[in-house]
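K.L.:
Structure incoming, see below.
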Amino acid sequence: MNIHEYQAKQILKRFGISVPEGVIVHSLNEVNDAINKINSKVIVVKAQIHAGGRGKAGGVIVSRTLDEAKTAIKNMLGSTLVTHQTSKDGQKVRKVYLEEGCDIKKEYYISAIVNRKHGQISIIFSTEGGVDIEEVAANSPEKVVTCNIDPIFGFQGFHGRNLCFDSNLSVDQTRKITSIAKKIYKTMLETDASQIEINPLIETSSGDFIALDAKMNFDDNAIYRHPEILELRDYDEEIPEEIEASKHGLSYIKMDGNIGCMVNGAGLAMATMDIIKYYGAEPANFLDVGGGASQQTVTEAFKIILSDNVDGILVNIFGGIMRCDIIANGIIAAIQEIGINVPLVVRLSGTNFELGKKLLDNSKLNIITAHDLSEAAYDIVNIVKK
């Protein structure tokens, strides 16, 4: 689950990390009151969307007068922002964050992620923070330092010193960055966050370190333990199909192609998308119905896929725990209930797959069955291309 920048800063502030003072604005009626709450000659207007790259896309504007700030807010609210992390259609700006300007001496980068390979939290640090951190990581990887934290011992002082060792930082700077890294680590543990990113972490001329921008997302499997964080969820920033899928226990990710996929198992779903691309088409989604899909689950899955205006659907099911004849009956019932006006290719394998295939073939519905995944992908791609 993702949250907005201003929400992430509220959490970081609770854990002792300094952030600029700011006010969230939802409508033009709130502008005057919001500006009056910020005691700064410089006001930074920031679009609040669940995507990075806002600075280069015009989503962060520094205003040095009240009129400039009001104009920026007026132009930004309700606009559509397109960044390298959004789709080509961009995301609508429904709220903006007004923040006091800061005296920036130096920009740094610091983040924490769950390192699944090592089963640890990794702290990442660079003295080259800012909007071009991706370029720094790609072109000068030696300027990006990673430190893995053993969960048995937790974050220790030497971890911070290791992060700063080759950065020519003073003892005082190292001490302050170590303190911030330790607080980020604690935040990760206590909130079940899967990522925390501060970019930039700025140093002011007075030597203070402030989180000028922040990003956080959380482990969906642990969010039930944090109702206060779940309340921060902004459904307007999420894809409607993905929200609907989660209500029915389906794992769904919207993509840019035109062939819908319904599969059981994440690995099989990825393989299905790969083979669709291999035959020259693009998948419209990742949809995993899980290992215990019922007729109702299959029906809801079809509804979600069809809401995306796909040109064809490929169903790829391996019957392990789930029997293929039950899935076949679910497919037939779903089609009879909602109707499907696009080509449908089904590949069944595993427990009772012969019976499942026979049920589909004898259903007198417009269903094409395939013997294996390669044949199924080839069939749906070529039918859609005609």
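Just so it is clear, glycine is given a Cβ too, placed from its N, Cα and C backbone atoms.
Pulled from Swiss-Prot, these are the listed features:
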DOMAIN    9-244  domain 'ATP-grasp'
BINDING   K46, G53, R54, G55, E99, C102, E107  ATP binding site
BINDING   N199, D213  Mg(2+) binding site
BINDING   N264, G320, I321, M322  substrate binding site
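How about a rundown of where these features are and what they're close to?
P.N.:
Annotation note: E107 (ATP binding site) sits in a strand segment as assigned by DSSP.
Reduced to three states, the DSSP call for D213 (Mg(2+) binding site) is coil.
Remark: G320 (substrate binding site) has G291, G350, T351 as non-local neighbours, by Cβ distance under 8 Å and separation of at least 6 in sequence.
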K.L.:
Which has the fewest other Cβ atoms within 10 Å: I321, M322, the binding-site residues listed?
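P.N.:
Result for the binding-site residues I321, M322: minimum number of other Cβ atoms within 10 Å at I321.
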K.L.:
Helix, strand or coil at C102 (ATP binding site), per DSSP?
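P.N.:
DSSP call for C102 (ATP binding site): coil, neither helix nor strand.
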K.L.:
Just the number: how many Å between the Cα atoms of I321 (substrate binding site) and R54 (ATP binding site)?
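P.N.:
Counting only the Cα atoms, the answer is 46 Å.
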K.L.:
For G53 (ATP binding site) and N264 (substrate binding site), determine the Cα separation and express it in whole Å.
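P.N.:
Roughly 34 Å, rounded to the nearest whole number.
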K.L.:
If one measures from the C-alpha of N264 (substrate binding site) to the C-alpha of N199 (Mg(2+) binding site), what distance in angstrom results, rounded to a whole number?
P.N.:
38
